[in-house]
Amino acid sequence: MIQTKPNDSHKELHDEKSLKGTLFSVGVLAAVIVVMWVTVFWIYMDRV
Amino acid sequence: MEQTLRETIRNNPKKILGVNPNDAKVSLSYLTVAFVSLLIGGILGMLQGLERAGLIQLPSWLNYYQVLTAHGLLLLVVFTATFTIGYQYANLSHSFGGLLSKVRKLAWIGFALMLIGVVMVTVMIVLNEASVLYTFYPPLAAHPIFYIGLVFVVLGIWACCFGVFINYRYWRKNHPGQTTPILAFFAMGVFILWFFASIGVTIEVFTLIPWSMGLVETTNVMVGRTLFWWFGHTLVNIWYLVATSAWYVIVPKIIGGRHFSEKLIRLVIILLVILNIPGGFHHQIVDPGISQSVKFLHVFMSLSIAVPSLMTAFAMFFVLERTGRKLGGKGLLGWLKKLPWGDVRFLAPMIAMISFIPGGAGGIVNTSNQLNQVIHNTMWVVGHFHITVGVSVVLTFFGICYWLIPYLSKRQLTPKMNKIGVIQTYVWTVGMALMAGSMHIVGLLGDPRRTSDTTYGGHEIAVSWIPYEMVFAIGATLLLIGVIIQVYAVFNMMFFAPKGHTEFPVAEPEDDATPAPLWTERWGLWIVLLIAVISMAYVVPIVDMILNAPPGSPPIRTW
Amino acid sequence: MQRLEEIWITVSVGILIVFMIIVGYQTFALGMGPPSHKEVIDPQKVDTTAPFNNPGIKEIGDNEFEVVMTLQAFGFTPNSIELPVGAEVHFTMTSKDVTHGFQIPGTNINAMVMPGHIQKISHTFTKPGEYLVICNEYCGIGHQAMSTTITVK
């Protein structure tokens, strides 16, 4: 019990500073940009 | 104790006394005009949605194009301008501990000038003397009073610009070595951009006045169009900058967090101010008379405006995640659940920010040179600006109302009103998702914008657009319901909500944050760079358009 | 600046640069750029200026045509065009009054046609059918009626 506690708080502290959610979110944003662009590009090429 | 109290009163009287009632009156007056125009503009918007879907036929004395002209001008110019001034002047008053009395006077002069201008413009539209749409491309020629009214509107905006510049200078002079509060810095960015944006359209309008009166025979239509978009697209980014002021500074406070690094916020503002104006050229990608190399230079310039927005996206997610995790959010996305989704002051700007993801992505498509041929002047563009302006900007403005108006009127946001706000936000979101979503899709199928009826004698491709147009009508109806709820909420909070104290939510920096560098305040330098960028973008094409101009066009009335 | 933010800006700007390279290559190496013709004309003398004094369809090569077209409120001259399948068509257009648009839904034909300026755009009609031609820039009270067709068979 006593041994795990510092470990826990360390993990918590680490979790509090984590930015993986931000990284994931901007990744989604980049995906939206690419998907929208590629869709319109594909329509453009199809109509050439 | 005595000493500090006196110091507080001298340096920051609003902390004790609340908002200066004279300043509150300025902001509340502008906001009143804003929401009256929203109501009228919203009703006109629904009428268009219904006519476009073939459900109603507007009478000849109030035709689709009159309604469209009024909808555009009332919402894109009057609503956004008056809201922006009301909100930014409140920010300034809060940041500087009250406005200078001469600045307040300028704001009132601006108010009067804008009202006169709006009345002139509106009367001409109602009389069917100015069915030239929001863009008033020559050689469509409106009644001269329409253009003179526009001049009054611009003069009113300029009066407010000078007010901000004077108050900023005064504060800086009295606080040597200090950086201005971040909201005041935002206000400087907004009004500087506004001033330089409106120069283009002002030159255009001044050439159109004698032409529409018959004193000058012809006008250069290409130069007019280019000067319009110098203003037209920059205006979009002025609204966006206003919205980001709330995203960066207000939202973190409401969710119980701290704001992002002030140095980076200032960098984003400076970049938006410097890079913005050439963006207008991507409205002319399929125009004749502009060479492909000039167009491609502007593809680069337009895309560069995306960079500060990409920085903003990162900063916002950073602040949201930091705060959510501090509140106990775990795992990859657990922090999202910890955010106050039931608080309209957060919910509305949050949905606004989310909608800027497809909004911004659509903008990148629009400016990608030949891809513009797929979407130019189709309903896609209408869908694009309804999610960018109609959600990213407007929903942020709506969210601001729920603390700004009670703060100014010394009233409170009741839990009931908060609930009304949450419902309003969802109605708006669903309405826009339906309308703008179907507009995007049907635009890709070729449905043109700015056209009262797109049946084209029952041609099969035109028939395929009809189901989507029905969805516009459903969306537009929901949006009018949203407008009515919002206008009710605004005037209730202005005049009827219970008296009380409402906080002005300004986020603090992180404890270990470095102070903002003083060099960011060098507006003279930023303006020089802004002018340099405008010159790079505009001197060559405009000189070319003038030197190689065709014989001009006479005024023409086709309505 | 956060290291993570630097990575994000690098990646996202990289995406924008890739977009620019693709459209730039198509524009300058493959000649697929947007319609940007630079000739001018007196907008009040369109009817007496060649080639617009004689609008119509001319065969200029093997299944290759030039369509000289004038736009005015609220119609296209010539209208109801007929073309064979596979025709490569070069449209040469100008406006006799206000700014119009020239769009054929389902194709990449989308160009502004302005008074005083000559605009050109080309397309190869590989599929048979009746194509709808519309004005996509507001040009007055009858704007919604400004349309015609191109029949390809």
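First residue shown is number 1, and so on along the chain.
A Cβ is built for glycine as well, from the same backbone N, Cα and C atoms used for every other residue.
Going by TrEMBL, these are the annotated features:
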DOMAIN    B:22-491  domain 'Cytochrome oxidase subunit I profile'
TRANSMEM  B:28-50  transmembrane segment
TRANSMEM  B:62-85  transmembrane segment
TRANSMEM  B:106-127  transmembrane segment
TRANSMEM  B:147-170  transmembrane segment
TRANSMEM  B:182-209  transmembrane segment
TRANSMEM  B:229-251  transmembrane segment
TRANSMEM  B:263-281  transmembrane segment
TRANSMEM  B:296-320  transmembrane segment
TRANSMEM  B:346-365  transmembrane segment
TRANSMEM  B:385-405  transmembrane segment
TRANSMEM  B:426-445  transmembrane segment
TRANSMEM  B:523-543  transmembrane segment
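When pLDDT values are averaged over the domain 'Cytochrome oxidase subunit I profile' (B:22-491), the model yields 95.
The stretches the transmembrane segment (B:182-209) and the transmembrane segment (B:346-365) do not meet in space: the count of Cβ pairs below 8 angstroms, excluding pairs fewer than 6 apart in sequence, stays at fewer than three.
Contact between the transmembrane segment (B:62-85) and the transmembrane segment (B:296-320) is absent: fewer than three CB pairs lie under 8 Å, with pairs separated by 6 or more positions in sequence. Nonlocal intrachain contacts for the transmembrane segment (B:385-405), taken as residues 6+ away from its ends with a CB within less than 8 angstroms of a stretch CB, comprise 27-28, 31, 76, 80, 83, 87, 90, 236, 239-240, 242-243, 246-247, 250, 254, 344-349, 351-353, 355-356, 358-360, 362-363, 411, 413, 417-418, 421, 424-425, 428-429, 432, 435-436, 439, 486, 489-490, 493-494, 502-505.
No contact links the transmembrane segment (B:147-170) to the transmembrane segment (B:229-251), because fewer than 3 Cβ pairs that are 6 or more residues apart lie under 8 A. Under 8 Å from some Cβ of the transmembrane segment (B:229-251) lie the Cβ atoms of residues 76-77, 80, 84, 87-88, 91, 135, 182-183, 186-187, 189-190, 193-194, 196-201, 204, 259-260, 265, 268-269, 272-273, 276-277, 279-284, 305, 309, 312, 315-316, 319, 345-346, 349-350, 352-353, 385, 388-389, 392-393, 396-397, 399-400, 403, 505-507, 534, 538, all in the same chain and six or more residues away from its ends. Outside the transmembrane segment (B:346-365), and at least 6 residues removed from its termini, the chain residues within Cβ reach (under 8 Å) are 243, 246-247, 250-251, 254-255, 303, 306, 309, 313, 316, 339-340, 371, 375, 380, 383-384, 387-388, 391-396, 398-400, 402, 421-422, 425, 429, 432, 440.
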